[in-house]
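Record features (TrEMBL):
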type: BINDING; residues: Asp31, Asp79; note: Mg(2+) 2 binding site
type: BINDING; residues: Asp31, Gly32, His33, Lys34, Phe35, His36, Ser78, Asp79; note: GTP binding site
type: BINDING; residues: Asp31, Gly32, Asp79; note: Mg(2+) 1 binding site
type: DOMAIN; residues: 6-147; note: domain 'tRNAHis guanylyltransferase catalytic'
type: DOMAIN; residues: 179-205; note: domain 'Thg1 C-terminal'
type: DOMAIN; residues: 238-326; note: domain 'Thg1 C-terminal'
Amino acid sequence: MSQSKYEYVRTYEESTDNVLLKDCYIVVRVDGHKFHKFSKCHDLFKPNDKRCLDLMNESAKHVMRAFFPNIVMAYGQSDEFSFIIRRVSDLYKRRQNKITSLIVSSFSSAFVFYWSQYFSNQPQNACHQSVPLQYPPAFDGRCILYPNSKVVMDYLRWLPLQYPPAFDGRCILYPNSKVVMDYLRWRQVDCHINNLYNTTFHALTGHYTKYVLNSTDNSYTFTPNWTQSAGADPPLPLTPREATERLSKTISSDKHEILFTEYGINYNNELQQFKKGSVIVLDISQQLMQSIVSKNKKKKKSLDVKGDEEDIDINSYLSVSYIDVIKEEFWSQNQSLLT
């Protein structure tokens, strides 16, 4: 439309393309859209499916690589991930629509791209040539007997994607580091409350999946629909409505009591990833950061695009942990994170 009489319509586009205030932290939160339906369709384990949570982490790392070095930290739990953009970043000239849409679409495409690495028995680096559909396919069905739980677990690890997932996103401005820290504390408190509730709920309904982590190599085993009881006989599973009524008006200690006395589940032994969520930090020195910024400026670039990372192994600077961000200890050990 350049140099045409119709170019005036761009003024309408510009009026809705907000430019975010400078000297503020930008937080983009990505949320799964209708993920209750998605989880049910793909028979994800309850209350947590570590495969899906690890896939979310991988998708978040992809976003941090794609927008390196603008995103300094990310926090994820359940079907959401929050990305903290540097206060001084000029990412896409701080255009809200551009930032939100690109981060959400990058996360969504990464989720689909890496799906087979976590839910398929195909080789991780397998390449598949795209072939157009020539005629309507037909499907048969099969019934298979498996001799033991290990074979069943190996089968369950292979799960094709049934339909494309969707994520929505929102962009928020926070004026200083204290508010950003409180935002992340809020999300982790939400993680704890929801995970304790969901763990108790799915124990009551008989759908609890027990995970056991091997601390030596970080491998894990899991048992779907684990029903071991603290007593002689396991309680009969409740319906979702009955479980909801049972948990209404209960507090945290009540849920701990239900889990331990009725099902032999010590909530303190649940994986830290489930209880605290995932913290991904861009662990990069201020000197290296300044070097990247200076190099980009010399090339007449700004941080509105990916950094000049040809000679940088970005993955080596991304660390994933399952730690407490509510207490001051994390922030005192990472004082330069939000500078």
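The backbone N, Cα and C atoms fix where each Cβ goes, glycine too.
Computed from a predicted structure; not experimentally measured.
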Gly32 (GTP binding site) to Asp79 (Mg(2+) 2 binding site) - Cα separation in whole Å: 5
Spatial neighbours of Ser78 (GTP binding site) that are distant in sequence (at least 6 apart) but have CB under 8 A: Gly32, Cys191, Asn194, Asn195, Gly277
For Asp79 (Mg(2+) 2 binding site), the number of other Cβ atoms found within 10 Å of its own Cβ: 19
Outside the domain 'Thg1 C-terminal' (179-205), six or more residues from its ends: residues with CB under 8 Å to it: 25, 27, 46-48, 73, 75, 77-78, 80, 82, 84, 172, 235, 237-240, 242-244, 246-247, 252, 255-256, 258-259, 262-263, 265, 267, 270, 274-277, 324-326, 331, 338
Binding-site residues: His33, Lys34, His36 - member with fewest neighbouring CB atoms within 10 Å: His36
Any further residue of that chain within 8 Å (Cβ to the Cβ centroid of Asp31, Gly32, His33, Lys34, Phe35, His36, Ser78, Asp79) of the recorded GTP site: Phe38, Glu80, Phe167
Secondary-structure category, per DSSP, in which Phe35 (GTP binding site) falls: helix
Integer mean pLDDT for the domain 'Thg1 C-terminal' (179-205): 97
Euclidean distance between Cα atoms of Asp79 (Mg(2+) 2 binding site) and His36 (GTP binding site), Å: 10
Composition by DSSP (helix, strand, coil) of residues within the domain 'Thg1 C-terminal' (179-205): 26 helix, 0 strand, 1 coil
Between His33 (GTP binding site) and Asp79 (Mg(2+) 2 binding site), the C-alpha gap once rounded to whole angstrom: 9
Residues satisfying Cβ distance under 8 Å from Phe35 (GTP binding site), sequence separation of at least 6: Asp79, Pro165
Proximal but sequence-remote residues of the same chain as Asp31 (Mg(2+) 2 binding site) (Cβ under 8 Å, at least 6 apart): Asp79, Glu80, Phe167, Asp168, Gly169, Arg170
